[in-house]
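Some features that TrEMBL has for this protein:
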TRANSMEM  68-87  transmembrane segment
TRANSMEM  122-142  transmembrane segment
TRANSMEM  154-173  transmembrane segment
TRANSMEM  185-203  transmembrane segment
TRANSMEM  208-226  transmembrane segment
TRANSMEM  246-267  transmembrane segment
DOMAIN    296-359  domain 'MIR'
DOMAIN    370-427  domain 'MIR'
DOMAIN    431-491  domain 'MIR'
TRANSMEM  571-596  transmembrane segment
TRANSMEM  611-632  transmembrane segment
TRANSMEM  639-659  transmembrane segment
TRANSMEM  671-694  transmembrane segment
Amino acid sequence: MLGFLKRPVVVTADINLNVVALTAVGLLSRLWQLAYPRAVVFDEVYYGQYISFYMKRIFFLDGSGPPFGHMLLALGGYLGGFDGNFLWNRIGAEYSSNVPVWSLRLLPALTGAFSIPMAYQILLELGFSHCAAMGAALLMLIENALITQSRLMLLESVLIFFNLLAVLSYLKFSNSQKHRPFSLSWWFWLMLTGVACSCAVGVKYMGIFTYLLVLAVASVHAWHLIGDQTLSNVCVLCHLLARAAALLVIPTLMYLLFFYVHLILVYRSGPHDQIMSSAFQASLEGGLARITQGQPLEVAYGSQVTLKNVFGKPVPCWLHSHQSTYPMIYENGRGSSHQQQVTCYPFKDVNNWWIVKDPGRHQLVVNNPPRPVRHGDVVQLVHGMTTRFLNTHDVAAPLSPHSQEVSCYVDYNISMPSQNLWRLDIVNRESDTEVWKTILSEVRLVHVNTSAILKLSGAHLPDWGFQQLEVVGEKLSRGYHESMVWNVEEHRYGKSQEQKERELELHSPAQMDVSRNLSFMARFLELQWRMLTAKSDDSEHKYSSSPLDWVTLDTSIAYWLHPRTSAQIHLLGNIVIWASASLAMVVYVLLFFWYLLRRRRSICDIPEDSWLRWVLAGALCAGGWAVNYLPFFMMEKTLFLYHYLPALTFQILLLPVVLQHVSDHLCRSQLLRSLFSALVVAWYSCACHVFNTLRPLTYGDKSLSPSELKALRWKDSWDILIRKH
């Protein structure tokens, strides 16, 4: 029984020394002098502030993508002991001693280094030679722009890593399918594909393009699987369910997990929570939560409330009034009612308070027990500080002439009676007897006389309106819109009938204890919506560029300039690699359609297994380039050269594929193959020379004269290269 103890336990492992060597060289190229320069480099000023928010547990919102990438960068800061105390306000600012620069830049550098052996593995899994795989890895190793981007506290190298991991995992799963379906390795690679896809999307929304590409390839393979007559119906169903679970369910759960962890980490109020709903803000520690803690939940007749517009654009604001009236005559010659102005004010103010009044009673206090206001009830809103009623009538609004003016009624003893009755419409009600709730209820106020709906137009009033936002009565409602929806943010039960006492009451905080917490899904859905609808920055930038500039490398970015010497870091690609990769893409497309046309005529120029390998390589490499590049033509945002790097990575993978194909199938004689191999070696030498030429701008560790800087522009470098070779 214990016989196994008589023999030593032996573990054997196959170690690919190519992978080990590529990993080691990749780590050396990315980690060498990683903490240099010890200054804020370009977009580190952007990501650094989010890392500080994580360290201080302060809520933030970044419309550029989900929080997973930010959390990975923050993990580096946490492991390095960063306390978040650094002012990220200027590119080039020297890091203070408490900022662990090496630790913060470590993760992007590691992902950039590990992408090199992954490129090697992807070519092998596609069925190409070790020579082609090594060629792809070497191109990734010496591409200057990839090195620069991976040595800084930026997310492109992390995105590229998960893109490649998703492709590699799926290829390993697909190859396992041919030999050992439902084995342990089969399940591992299938699950890892889903995890890698979700991580790519979690780093940046651009990752969804690679995810969709993997889904498309998996769908085609699943379609062929359904037609496999050697498999039983139960077996096919199990295959489909496994793929659905791994490629659809797991990414969804992982995506939710990223936000769950994010919301656990950033639980304190901060500068970004103003654009969130009152309910979301109240769920954060400090800020609105401190103000609203203990407020009554149910709004009753006599309640004192502030009403916040749910839309929150152009800025978050509250229904407001003040003593000033509308001008008798506007600048365009139109007249007004000369009633008291009603606006939306983007700051906390005592003039934001309103009293919910029962039209059938005169009292402005809450009964004991309170009488709650319900959906469909008719109410009057009395401005707390001026005691005038919220009113609208058939008079054109000052800036929106097709809508009604909203005012607080002033009795001028003329033939213009007050029209101050409003019907409460709870938009998110669960029943028609729903009670109006603080923070949670989203309501529309419908004018009883004219059916106009109280709405924020978003226009800024002139100086006579103190540049506050216009509020109108939208008579012709074009359906639901958040600008017509309001929620009670601050709330107290009114106790004072006398105006002087009530004014003192309006200035004092509420003192009741009722807690409200949003569920995770409610917070997730709101945060996701705010991120997707956040206005992107479409302003011009000194280094912004168009997608057409990227392919020709007709642009670069000066990332960092040494304050005392001429050392500097530029995002500048290796022109030999970029131009060759673009040429390889053209050659692949031409050859693909040529083979396709000839196969239609039943002429097979290459064996069937080579054709299938050629198609799969094109679907993943050429397709990866297309899905990561072409969408930028439709984006209305400021674009930079680094946006092209994920697409470039797939192009680099395609280049050795085309080279091997030309050597194996188009060079018919041994002499042609030898000449072609010599050309490829010379071409790699050129790429290495350009890498070495641009190295001072990649690492920024050498002072350069003006003439040397001019010579390092890619067009000049190309001329120099041609002359030397």
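Each residue, glycine too, has its Cβ placed from N, Cα and C.
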Worksheet item: Between the transmembrane segment (185-203) and the transmembrane segment (68-87), are there three or more C-beta pairs closer than 8 Å, counting only pairs 6 or more apart along the chain?
Response: yes
Discussion item. Take the C-beta pairs under 8 A between the transmembrane segment (671-694) and each of 122-142, 611-632, 639-659. Which stretch has the highest count?
Written reply: 122-142
Worksheet, complete the sentence: Taking DSSP helix as H, G and I and strand as E and B, the domain 'MIR' (370-427) has 0 helix, 26 strand, 32 coil
Worksheet item: Between the stretches 68-87, 154-173, 246-267, 571-596, 611-632, which wins on the count of C-beta pairs under 8 angstroms to the transmembrane segment (639-659)?
Response: 611-632
Worksheet entry | Top Cβ-contact partner of the transmembrane segment (208-226) among 68-87, 154-173, 246-267, 571-596, 611-632 (pairs under 8 Å) | 611-632
Worksheet item: Near the transmembrane segment (68-87), which residues from the same chain, at least 6 beyond its ends, have a CB less than 8 A from one of its CBs?
Response: 47-48, 50-56, 62, 93, 95-96, 98-100, 102-108, 153, 155, 158-159, 199, 202-204, 258, 261-262, 265
Item to complete: Grab the same-chain neighbours of the transmembrane segment (611-632) for me: Cβ-Cβ under 8 Å, and only residues 6 or more beyond its ends, written as numbers and ranges.
Response: 122, 126-128, 163, 167, 171, 206, 209-210, 212-213, 216-217, 547, 550, 585, 588-589, 592, 595, 599, 604, 639, 643-644, 646-651, 653-654, 657, 661
